[in-house]
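Chemist: I have a structure I would like to understand better, so I am pasting it below and will then ask my questions one at a time.
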Amino acid sequence: MDVLEQRLAEWRTHVGRSPAVAGVDVEELESHLRDQVEDLRRVGLDDDEAFLVAVRRLGAVDGLSAEYAREHGDRLWKQLVLAPPAEDRRSRGRLRQALLLAVGAGLAVQVPRLLGAGVERPADLGLLVLLVLPFLVVLVGTRAGAALGPRGWLVAAVPFVVGAVAVLAPPWAEGSSTEVLVVLHLPVLLWAAVGHAHAGGRWRSHEARMDVVRFTGEWVVYYALVALGGGVVVGLTVLLLQPAGEPVLEQVLLWLVPSGAAGAVVVAAWLVEAKQQVVENMAPVLTAVFTPLVALVLAASAVVYATTGLAADFDRDLLLGFDLLLLVVLGLVLYALSAQEPTRRPGVMDRVQLVAVVSALVLDALVLASLLGRLGELGPTPNRVAALGLNAVLLVDLVVAAVLAVRFLAGRAGADRPARWQTAYLPVLVVWAAVVVVVLPPVFAFR
Amino acid sequence: MRIDKDLVAASASPLVLAILCEGETYGYALLQRVREVSGGDMEWADGMLYPLLHRLERQRWVTADWRTPPGGRRRKYYAITPEGRAALAEQRRQWGAVVRALEGVWPSLPSAALPAPGGA
């Protein structure tokens, strides 16, 4: 290999090491370098000299990657350029902290039971969520990229205080449906505190919110993986302890299952942070696999219900299924958006995603129409109002998402517009969850 | 004369857009043109041009295309879009306002602040 090619190869490896400079960027810079070298050789420099001058003119690699990082922040959430690579000592300290917090969460979740309170009513479950998530907030709020200030911690505590009052204070009636609604919406409200801590309080920034979306998506993936492993462990424990008798087994499981589930909340978050590069490559694959599947399911159900109508046997279970499906679509769209380059061109996946969004839109509109009909006919109940609000919030989101996706496919909007819309809309979801947690129960007298 | 780097940074985007108005081109040729029009006064680290071009692309002011001209090497060509032209017109108005404001105050300066004859 001649000297120039060898130097260029070394240079490529060196520049390509920065996560902010993607492969095609290196190619573009290399093309520039070759032009410069050619010109310099024409005025009499040899290969080596020409290469040195050309590289010098290009600018120091550090400065260059910092400049790329400023423009391509999305490639950078590994924070390898902005924050220097974590030394071993720091990452080991971080592991110890994560383990302590996980143990803390595992113990906290046992407190109500040890104090003699049962876990039978929905509000008890809400209490457990309230006890576990602070440990997660502490973990994400103390990571290197967040650096949450004292005010930030106070803000992060607000949803917990509000949630605790909303769950514990009311005189819940037996079989109260507002109690169930509060517990279902509480995690969304508390996750806003997690997101706030993760963003280091900079939740006004689109990029920081997108990082929270990525974090959430990966956390879900890791939690599912840990839960699978946990299921195997529980199964083995049952097999092993069966001969020791029912009471022993019950005691062990009473500790193992809730504490394991609570500790995994923290461990999954630590895994996201420590093993980012692993799942980063999984996000595009997962969305590529599941978006077409969900699009298919949605399109089929949209066609079925658009022709047969919903009204007849539209009950609460079906409604719950619909809402879950819509939330899954939203999650998939968000997760897919979080893994995309802001300057890419429309592709097949964007069309598939549009099919999913439009089908979801049709379903949502049907659900809303049916809900409004029942509301008019049978009067408002907490469930109907909560479902109506959620579906209305989702409808607005999906309409704008569909319009932006169409505009993007037509080449009239940038690829980052849908992503910006979604991150801008996130607070609306949080606000609606807060309304259900705080306002709805007293309005319906805690029925 | 070396131009202050903040000033270089501020003028970079209108300069690049204006050069792209002359026709599509690739990074290296674009930088040659910058040197030519500035008489070498504007010192850029060559590499900084590309993040700037990528930003303009994200703002949809320019489009980029990898192409291999006959007998040439594969290069990324940049072309200005109608939005880019509109943005350039706006920036031109703003720069015009800045220049007019400065020219309004230059005459009232004491003579010490005037450039020495023959340049610094």
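Keep in mind that glycine also has a Cβ here, set from the backbone N, Cα and C atoms.
From TrEMBL, here are the annotated features:
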TRANSMEM  A:98-119  transmembrane segment
TRANSMEM  A:125-146  transmembrane segment
TRANSMEM  A:153-173  transmembrane segment
TRANSMEM  A:179-199  transmembrane segment
TRANSMEM  A:220-241  transmembrane segment
TRANSMEM  A:253-272  transmembrane segment
TRANSMEM  A:284-306  transmembrane segment
TRANSMEM  A:318-339  transmembrane segment
TRANSMEM  A:351-373  transmembrane segment
TRANSMEM  A:385-410  transmembrane segment
TRANSMEM  A:422-444  transmembrane segment
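Any idea what these are sitting next to in the structure?
Modeler: Here the transmembrane segment (A:98-119) has long-range neighbours at 125, 127-128, 131-132, 135-136, 138-139, 254-255, 258-267, 269-270, meaning same-chain residues at least 6 beyond its ends whose C-beta is under 8 angstroms from one of its own.
Sequence-distant neighbours of the transmembrane segment (A:284-306) (same chain, 6+ residues past either end, Cβ-Cβ under 8 Å): 221, 325, 328-329, 332, 335-336, 339, 349, 352-353, 355-356, 359-360, 362-363, 366.
Sequence-remote contacts of a segment are chain residues at least 6 beyond its ends whose Cβ falls under 8 Å from one of its Cβ atoms, and for the transmembrane segment (A:385-410) they are 181, 185, 319, 323, 326-327, 329-330, 333, 346, 350-351, 353-354, 357-358, 360-361, 364-365, 367-368, 371-372, 375, 417-418, 421-422, 425, 428-429, 432, 435-436, 440, 444.
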Chemist: Could you tell me whether the transmembrane segment (A:220-241) and the transmembrane segment (A:422-444) have 3+ CB pairs under 8 A, leaving out pairs under 6 positions apart?
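Modeler: Contact between the transmembrane segment (A:220-241) and the transmembrane segment (A:422-444): absent, because fewer than 3 Cβ pairs are under 8 Å.
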Chemist: May I ask for the residues of the chain that lie six or more residues beyond the transmembrane segment (A:351-373) and have a Cβ under 8 Å from a Cβ within it?
Modeler: 291-292, 294-295, 298-299, 301-302, 305-306, 309-311, 314, 319, 322-323, 325-326, 329-330, 332-333, 336, 384, 387-388, 391-392, 394-395, 398-399, 401-402, 405-406, 409
Chemist: Six or more residues beyond either end and a Cβ under 8 Å away: which residues meet both conditions relative to the transmembrane segment (A:125-146)?
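Modeler: Contacts of the transmembrane segment (A:125-146) (Cβ under 8 Å, skipping residues fewer than 6 from its ends): 79, 82-83, 86, 90, 94, 97-98, 101-102, 104-105, 108-109, 111-112, 119, 152-153, 156, 160, 163-164, 167-168, 182-183, 186-187, 190-191, 193-194, 197-200, 215, 258, 262, 265-266, 269-270, 273.
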